[in-house]
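Please read the structure below before turning to the comments.
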Amino acid sequence: MEAVRRWRADWRYPTTLLCIYGFFSTVKPLEPFLIPYLTGPEKNLTTEQVNNQIFPVWTYSYLSVLVPVFLLTDWLRYKPVVVFQSVTLFITTAMLLWLKSVSAMQAMQFFYGVVTASEVAYFSYIYSVVDQKRYRKATSYCRSVQLLGYTVGSVLGQLLISFNLMSYNNILVLTLVLTAIALLVSCLLPMPQQSMFFHRRHTGQETGTEGAKRHEDGTWDETEHTSIAKISLKEIRDEKAEETETEDKAGVGLDRTEESVGAESCSQVLILLWRDFCQCYSSRQLLYWSVWWAMATCGYNQTVNYVQVLWEHVQPSQNLSIYNGGVEAVSNLLSAATAYGIGFTEVRWEQWGELALGGFSGLGAAALFLMTFVGHIWVCYAGYVIFKCLYMLLITIAMYQIAADLSMERYALVFGANNFGALTLQTIITSVVVDSRGLGLGIIPQFTIYASYFSFIAVVFSLRGLFTIWRAQRNKESTPSVKNEPPEFEEHRF
C-alpha cells in the first residue's frame, strides 16, 4: 500500500492517466472518412448540406463557448471540465451514429464545438499537479500521445475501410467504446487543489516568482518586461496572502481561506486578466507573432475542416476516398517530424522569423492554389500534406517565440487570446463565404479565397520581415559598440 501511495503522489501518475485519456479520446477512425459517411447511404445528405449548413455550426459553437469554458476550467480546477469533455465527445459520437437529419447533425456539430473548446482543460490540468521543472517533459508527453492517437485512428480507419473489415456504423461503435474508456480514465484523475487564477495558494507564489529565474539549462523564462508586467497579479495575491496569514492565526482553516479567495476574487481576477492582456500585447514583437498566429490558424482550420469536400469534388468515386486515412496519417507524422526538427535549427528567429512567416505562408498559398485548380486527387493529397507541414513548422516557431518571454499564467492567457482571435476571423469567413445564409459558395470558390487569404498573409509578413532585417542592419552599422547585446531585449522592452 505504501508503494501505491508513493506512486499516486508522484508526478508520473497524473501524467500517465492524462496521456491514456488523450490517446483514447483522439483515436477517431472515421474522421478521415466523415464526408463519404455523411453523403453516403447511411445519412443520405448532400455535399451542399454538409458544406453550407452543417459544418459552419462547429465554428459558431466553438467561438460562443470558448471564453466561458476557459474561465470555468480554472474555476472548477480542470478535472470536471476534462470529464465533461469526454461526456460531450461520447454524445457527439452517439448522435453521429444514430441520428440522420440536417438539424440533428447541426446539433452534433454544436456538441463537437464544446468538445474542442474544452481542450484547454487537457493542457492546463497537468500544470496544476506537477512541479514547474516537469512542465516541459509532461507537456511533450501529452502532445506526443495526442498526435499518436490521431495517427493510430487514421491508420486504423484506413485499414478497416480498405480491407472491408467494418462498416462505417461499426467503426462508430468502436469509437464509442474507445470514448467510454477515455471517460473512465478521466474519472480516475486526481483532483487538483489549486489552479492558475482562481484557486492559487500562497505557497504557489514561489512557483510564480521562480518563473523569472533560470532553468537547469541556463535559459531565462522571462525578460525584463514580463517580470515587471507580472506584478499586477502578484500584488493582489500578496495582499490576499497577508489576510490569509492573519485569519490562520485567528483559527481560520486553510480550506476556508482558499474558498474565500476563489469566491471573492472573481471580479478582481477578471480585471487583472484584462490588465495583463493589455501589458502583454504592448510588446510589438509578441503582437506581430500573435497576429500571424490568429490569421494563419483561421485559414488552417478552414482548410482542414473542408478539405474532404474538395477531395470528393475532385474525385467523386468512393474508391479513391479510401486513401483519406493514409493521407491524414502521413500528414500527421511529417508534421510532427517538421515541428520536432525545428528545435534543432540555429536561427535568430527574432530577426529572421517574420520573413520566414511570410515566405512559408507563400508556399502554403501555392499549395492551396495547386489543390484548387489542378483538379487531380494526388496533387490535392500532396498539396494538403505540404500545407499542413508548413503550418505546423511555423506555429511551432510562433509558440516558442511567444512563450519564451511569458510566465505560465501569461502562457494560457496569450495562447487563449490568439485562438479566440483566430476563431473570430474564422466565424466571419464562415458566415460570409460558407454559410448558406451568406454567399454559400461552392468548394472551389472557397479554396480560391483561402489560397488568396494566405497570399495576403505572405505579402504582409514578407514586407514586415524585410523591414525588420533592414532596420537590424542599419542599427548594427550605426551602433557597432553594442553589437554584442541581444537584439531581442531592445525589441521586447516596454
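Every residue, even glycine, has its Cβ placed from backbone N, Cα and C.
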Which listed span TrEMBL calls transmembrane segment, if the choices are 147-165, 261-279:
147-165
Intrachain neighbours beyond the transmembrane segment (80-98), with Cβ under 8 angstroms and 6 or more residues off its ends:
21, 25, 30, 69, 72-73, 104-105, 107-108, 111-112, 114-115, 118-122, 125, 169, 172-173, 175-176, 179-180, 182-183, 186-187, 189
Same-chain residues near the transmembrane segment (171-191), Cβ under 8 Å, at least 6 residues beyond its ends:
8, 13-14, 17-18, 20-21, 24-25, 27-30, 77, 79, 82-83, 85-87, 89-90, 93-94, 96-97, 125, 129, 157, 160-161
For the transmembrane segment (355-379), which partner among 53-73, 110-127, 147-165, 449-467 gives the most CB pairs under 8 Å?
449-467
Determine which residues of the chain contact the transmembrane segment (110-127) at the Cβ level, with the cut-off under 8 Å and only residues 6 or more beyond its ends counted.
14-15, 18, 21-22, 57-62, 64-66, 69-70, 73-74, 78-79, 81-82, 84-85, 88-89, 91-92, 95, 135, 138-139, 142, 189, 192, 195-196, 408, 412, 416
